[in-house]
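Before any comments, here is the structure.
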């Protein structure tokens with residue numbers, strides 16, 4: 001930037017030569033203000049989602065951008081097309097970005113051994129494998145072939161599950177299907193609560 | 001442009017033009033209709049999410065459901081909660097007169113009519129406060145760096161790349177809106193989502209507001225809508241409904257963000273009749289000039305006359 | 001922030017058994033508020049700004065005395081006050097920058113020239129005022145070996161016009177700070193707008209005079225004494241008006257910390273002025289009364305500053321006058 | 001009623017405000033003055049747990065003044081049906097219906113049947129109760145043997161017709177009784193009655209909204225029944241602007257009921273098989289009557305299609321479609337029973353999938369003690385929640401009841417993917433499925449439940465691959481061949497493929513099904529959830545339909561997909577009159593187009609498309625073909641809406657006011673104090689506070705209730721970790737009226753603690769006029785309200801409010817009574833450590849609480865053996881004379 005450019009960018013100069021004599025508007029605008037744009041304009045894509053809190057089912061637009069750290073959520077806000085929510089969100093829905101991007105989210109599998117006093121990290125495949133062994137063990141220990149009258153039960157009372165009201169239908173479907181095939185019956189969720 | 005009295009006080013038709021924008025969009029603003037506010041605070045959260053504001057502490061204030069307290073450098077929307085007796089309604093529906101006769105015996109019940117337990121004269125007011133984006137903005141006028149400036153939309157915005165934290169705006173605001181962020185040193189307040197406006201988006205709070213208590217749009221349209229809303233409420237017997245900050249003849253030349261209130265402004269923590277300090281700038285400078293002249297005259301005069309050496 | 005909120009809420013809670021009475025929280029009279037909370041923000045300025053008000057006033061009065069002393073050939077008074085003017089200005093500059101939230105951006109003050117901003121006006125005023133004060137003071141203390149250089153000679157020649165130029169601007173420097181405070185929404189400052197310039201000019205004169213009495217020998221200090229006396233009387237008279245003539249806002253001046261500071265200011269200023277008259281040729285008495293005047297001026301600034309802060313803490317200073325205005329149907 | 005919609009469903013509340021702006025009157029009948037009350041035209045406070053008394057009063061008002069929409073009632077409800085002679089009402093049995101067995105605390109519903117209707121198969125009512133019958137019949141309605149052969153009296157005059165039974169049953173619910181029981185003044189009550197009944201008829205409708213303020217009671221299902229009866233009497237069901245709207249509390253809680261993770265249900269509200277069901281035929285016969293009307297008659301098609309989806313090729317007609325692979329239930333396997341089983345050492349492993357029972361379930365202490373007695377626990381969540389860390393931050397650590405070094409439970413914490421990191425459907429509160437696209441990949445070990453379950457299943461199958469054990473066959477034969485994306489050992493399963501198979505496939509062509517009407521029982525269709533059939537109609541994922549609202553009419557059929565068949569208003573045949581014409585122009589939705597010979601309208605007609613209004617089925621006809629032209633309720637066994645429920649509701653055919661399990665009040669209407677069929681668990685670890693006629697209730701003199709705040713979400717796992725939400729409601733508080741504050745010496749913002757026989761919980765005091773003492777039957781009743789979102793971890797923490805509650809359940813739904821209990825409140829903080837246990841023991845001693853307290857559910861002055869006698873027992877309203885009385889509460893949201 002040459003000296004003349006520099007002077008021309010000086011608001012006092014702009015005050016004296018432009019329409020904003022009092023230096024309260026146009027003349028005082030900073031370069032950043034002149035170039036501003038919403039961060040959603042940087043989004044690589046906008047995907048359609050649904051708020052994960054209550055059951056109204058407000059539509060959300062998720063703006064995804066990327067930087068050196070990979071892809072990240074730039075913004076989540078209401079989708080005005082929705083006949084349910086008309087683009088509006090409550091405080092929880094409005095906090096969705098913090099929900100999914102906050103540092104409270106765990107990223108690693110954690111394991112607490114029997115009688116342990118601390119967490120320890122475990123890699124995911126190992127954890128799943130250990131869990132599968134325990135599932136089979138609990139299933140066996142709680143297995144009931146028949147009731148007292150000899151009627152078939154074909155089930156285990158050794159495994160219980162709770163959860164599903166914030167999960168997808170597809171997920172609930174697989175949960176129920178797998179546990180049913182295992183013979184587990186104590187499968188419950190928030191709908192009972 | 002010529003500088004005139006209107007640039008500092010009184011009604012001003014073209015605020016952006018006055019700020020040197022020769023071509024500019026319509027002036028936009030907020031109309032916050034508190035009669036439909038449900039106090040959900042979506043505005044507070046949506047604002048923070050968009051503007052990446054820090055939290056404001058985790059203190060229980062014991063003021064109904066208000067734990068924000070007031071507008072601040074970190075909270076650009078603030079929902080006030082007021083629990084109070086409700087005003088009597090002239091148009092209250094007739095009661096026993098048109099009651100259906102049930103053919104059942106009626107009798108006085110124990111405790112009936114003692115007042116407390118049958119009380120219905122109670123209400124809970126909620127209102128989302130925000131920067132007023134005044135026509136004559138005290139903060140903007142006093143800012144010595146031009147960090148605060150009038151945008152082409154007629155709104156008032158702090159430019160964080162300019163602000164040096166002198167703090168003058170904090171005392172310049174007759175509404176107690178703008179504040180300096182402690183660990184940051186700069187002044188912050190609502191920008192009416194200046195970055196979003198440029199892209200044709202509405203501000204985050206107005207977009208989120210579930211009941212459209214916060215309405216965004218061209219100010220002239222909002223004023224028209226607000227007047228109609230008041231008329232409707234008056235027709236329904238809500239005679240205490242009134243507009244606040246809508247009048248271009250008020251002490252700040254009318255607010256860019258105005259309100260429909262159901263009680264006096266001070267009940268919501270708003271000043272009843274704010275005035276931009278700039279109104280009196282002329283007389284203040286004149287008085288200062290007189291004082292300066294007297295000061296000068298005294299300084300000269302002390303060197304005359306016989307010295308008591 | 002959070003601590004102050006906590007305190008505010010505790011206050012509010014004490015006022016009522018139930019928080020529901022939000023609209024009826026009032027400490028005196030029948031005004032309504034939001035849980036007794038402040039309407040306005042407290043000034044974010046701390047002690048630096050009232051200190052600046054003092055040092056700025058001191059510098060201006062010194063500049064005046066210096067110019068007079070220069071013209072009336074009072075070299076020691078001239079030297080003292082030229083240095084005093086620079087010292088005051090230097091302190092002012094430091095205080096102003098130190099008070100910024102982003103001191104490294106102090107030069108942003110020079111981005112714009114805003115007639116609507118007393119701080120911007122003041123900045124440019126100081127920009128104009130400063131070089132003269134500086135040149136005059138530097139000329140005063142230039143080591144003798146440097147005086148002989150061309151630069152030294154130039155400075156010597158410029159000292160007087162520089163001093164006079166700064167003296168011409170000094171009254172502005174002394175009084176603009178009143179506008180700086182009044183041109184805010186702070187009730188105690190804004191309501192005092194008609195009187196504050198005189199308090200500040202008087203206070204500046206008293207301080208400058210007091211400084212001259214402290215630093216200059218008695219035989220050259222007469223103008224300083226006179227300036228101090230006139231300044232002190234002006235300050236005392238106009239300051240009293242703040243206590244009495246500003247309606248409810250005067251309460252902010254009459255009570256609490258502001259009151260204590262200004263009471264001490266009044267004692268010191270009155271005492272200093274009186275002593276300067278009675279002191280005769282006693283250098284010690286002159287020094288003591290000069291110090292008293294300086295302290296009185298400083299306390300005045302701190303007191304006025306405090307009154308402003310207090311008037312933002314209690315919502316009554318905002319609500320009561322405005323409510324009255326509205327109820328009477330008066331234009332703002 | 002029973003809903004704080006503005007606070008718990010703020011965005012949904014925009015439509016209430018919209019209606020209000022257009023002139024609708026909004027009434028909020030709720031114990032507490034909430035943000036909803038603030039925006040309503042009128043708020044009527046009533047005592048928590050007294051809603052049926054209030055609603056019964058409204059029903060009585062309607063019937064006594066002939067304010068019902070008679071044409072609708074006569075044509076579309078069972079008002080004209082005659083009930084058998086054996087039926088005896090509560091009027092005559094001091095609060096019990098005929099068929100009650102005091103030994104088991106259950107009803108035999110055979111005496112509740114219609115005349116001429118074949119009696120229901122002798123149902124083992126105890127079993128019926130334990131399996132949560134109401135849920136079993138969720139979409140289909142309970143079975144009836146007959147649909148077409150029911151005796152009726154169109155004049156509605158016959159003493160045994162439903163209309164007259166209803167009239168008699170509610171005759172004692174007078175405005176005076178409402179005032180004495182609910183604390184609602186006669187004036188307020190009649191204002192509500194006037195407003196409600198005026199929104200009736202051809203031109204007007206009223207909508208009724210409820211949430212868990214109704215469901216979380218020991219007779220929650222009956223609350224809803226009472227509301228539904230009013231809406232039916234006023235002709236407000238199946239019509240635009242009408243309805244009984246349940247506002248549910250979680251993003252897909254409707255979905256997790258439709259496609260249940262519930263013990264007693266299979267997808268599509270098919271019941272879980274019972275030990276009594278020897279084979280599929282047994283099963284099908286037990287869930288539908290041979291001659292009943294409507295679509296539920298086709299249950300065989302639905303179960304076979306489900307079995308085909310579960311076991312694919314392995315399910316054949318010869319092997320009964322592997323019906324034998326389904327595990328059988330034989331009692332209560334609900335979450336509370338299961339937790340008690342954990343404490344008793346009968347359960348070894350526990351999965352928590354996005355749920356935090358240590359904070360969010362009633363009786364938190366029971367939950368945590370259960371978790372501490374497992375072999376292993378799996379927690380999958382976004383963030384570290386209390387249920388994963390009970391071994392180091394449970395309140396029981398402080399009391400010494402749990403010690404990490406002695407707790408053997410192995411805990412696996414798996415970080416979960418968030419809603420933007422996976423794709424799939426949520427079903428919202430109006431049965432609408434909405435598809436979410438995946439926005440980005442999760443980080444680290446974060447995975448979806450789909451991934452987790454799919455790969456867990458895959459690994460289990462691999463580990464058992466060589467097993468010859470017959471019990472492993474269901475797992476090994478399972479159709480677990482969903483499409484996956486990506487490479488390696490752990491590819492991502494495709495939610496889209498799962499949804500396709502939920503929708504259903506014609507196995508002969510491989511085509512996706514268009515509707516559940518295409519399902520067959522011959523093994524040629526496979527569908528995971530019959531009511532969701534059609535979501536993928538025409539091979540298009542309609543849950544992903546996103547036509548902007550501005551580009552379609554206000555019914556918005558092009559946005560998402562609502563089951564069944566994308567209908568937005570259920571039973572919308574009722575929006576037309578019996579002749580098929582809209583009731584009125586301004587309330588038209590669906591009507592008969594005589595020219596084209598089909599039903600048409602703004603919504604998808606919920607009726608056989610070409611069955612004309614005047615159609616009459618042959619006697620003895622069954623299934624959809626048996627529906628008459630004026631049988632709008634096509635899933636009901638008789639095509640009519642049930643004012644009187646001859647079966648399916650296990651605690652009575654008509655709603656009846658009983659006091660909550662814990663109440664300061666005697667029942668003023670009957671000798672029967674609480675619901676005679678409520679499910680109680682008398683255990684050392686589940687004590688109850690005494691209620692009349694038991695003594696000692698004055699130790700817990702106040703009515704307690706808990707609910708949500710807008711700013712938080714249930715147990716706080718999704719809100720207490722977020723600064724933006726936590727700062728808005730940073731601490732646990734308890735709301736009390738100024739009067740109660742004065743009585744107990746409570747100061748605003750100071751600490752206080754609330755005590756029940758289970759726990760004591762610290763909270764800051766909020767003194768507010770929104771809490772209002774009620775005058776009930778001559779005494780003042782105070783209420784205490786708390787939000788329940790806090791626990792030991794998160795950005796803001798606090799005591800667990802759910803610890804205060806015990807476990808007592810609605811026998812229909814097995815949902816706990818958590819909206820009302822009794823409590824004490826004292827200034828200052830609670831004792832800590834062992835002293836706390838002493839403190840609670842002392843409270844129990846003073847109140848005389850034992851394991852038996854609250855378990856003697858029958859208090860009626862007559863017994864079931866008197867069933868045949870028509871006694872003239874009057875309401876023993878004057879029994880109790882407690883010196884203090886108490887008050888109430890709120891209700892709200894959360895299921």
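Every residue number used here counts from 1 along the chain in the order it is shown.
Cβ from N, Cα, C; glycine included.
Record features (TrEMBL):
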- B:37, B:40, B:43, B:209: [4Fe-4S] cluster 1 binding site (BINDING)
- B:47, B:190, B:193, B:205: [4Fe-4S] cluster 2 binding site (BINDING)
- B:131, B:134, B:139, B:173: [4Fe-4S] cluster 3 binding site (BINDING)
- B:143, B:163, B:166, B:169: [4Fe-4S] cluster 4 binding site (BINDING)
- B:28-57: domain '4Fe-4S ferredoxin-type' (DOMAIN)
- B:122-153: domain '4Fe-4S ferredoxin-type' (DOMAIN)
- B:154-183: domain '4Fe-4S ferredoxin-type' (DOMAIN)
- B:284-304: transmembrane segment (TRANSMEM)
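If you look at the transmembrane segment (B:284-304), there are no same-chain residues 6 or more away from its ends with a CB under 8 A from one of its CBs. Cβ-based crowding with a 10 Å cutoff singles out B:173 as the top-ranked of the binding-site residues B:134, B:139, B:173. Taking the C-alpha positions, the distance from residue B:169 ([4Fe-4S] cluster 4 binding site) to residue B:209 ([4Fe-4S] cluster 1 binding site) comes to 29 Å. Filtering the binding-site residues B:40, B:143, B:163, B:173, B:193, B:205 for a Cβ under 8 angstroms from any Cβ of chain D leaves B:40, in order along the sequence. Nearest by CA distance to residue B:43 ([4Fe-4S] cluster 1 binding site), out of the binding-site residues B:134, B:143, B:205, is B:205.
Using a 10 Å Cα-Cα cut-off from residue B:190 ([4Fe-4S] cluster 2 binding site), the binding-site residues that qualify among B:37, B:131, B:134, B:139 are B:131. Here the binding-site residues are B:169, B:205, and the one whose Cβ sees the fewest other Cβ atoms within 10 Å is B:205.
For residue B:166 ([4Fe-4S] cluster 4 binding site), the same-chain residues 6+ apart in sequence whose C-beta sits under 8 angstroms from its C-beta are B:143, B:144, B:145. Those binding-site residues from the list B:143, B:166, B:193 that have a Cβ under 8 Å from chain C Cβ atoms: B:143, B:166. Those binding-site residues from the list B:139, B:163, B:173, B:190 that have a Cβ under 8 Å from chain A Cβ atoms: none. Taking the Cα of residue B:40 ([4Fe-4S] cluster 1 binding site) as the reference point, the closest of the binding-site residues B:134, B:173, B:193 is B:193. The C-beta environment of residue B:131 ([4Fe-4S] cluster 3 binding site), restricted to residues of the same chain at least 6 apart in sequence and closer than 8 Å, consists of B:71, B:76, B:156, B:175, B:177, B:178, B:189, B:190, B:192, B:257. Between the CA atoms of residue B:47 ([4Fe-4S] cluster 2 binding site) and residue B:139 ([4Fe-4S] cluster 3 binding site) there is a gap of 21 Å.
The two recorded residues residue B:205 ([4Fe-4S] cluster 2 binding site) and residue B:37 ([4Fe-4S] cluster 1 binding site) have their Cα atoms spaced 13 Å from each other. Closest by Cα distance to residue B:37 ([4Fe-4S] cluster 1 binding site), from the binding-site residues B:139, B:163, B:173, B:193, is B:193. In this structure, of the binding-site residues B:143, B:163, the smallest number of CB atoms within 10 A of the CB marks B:163.
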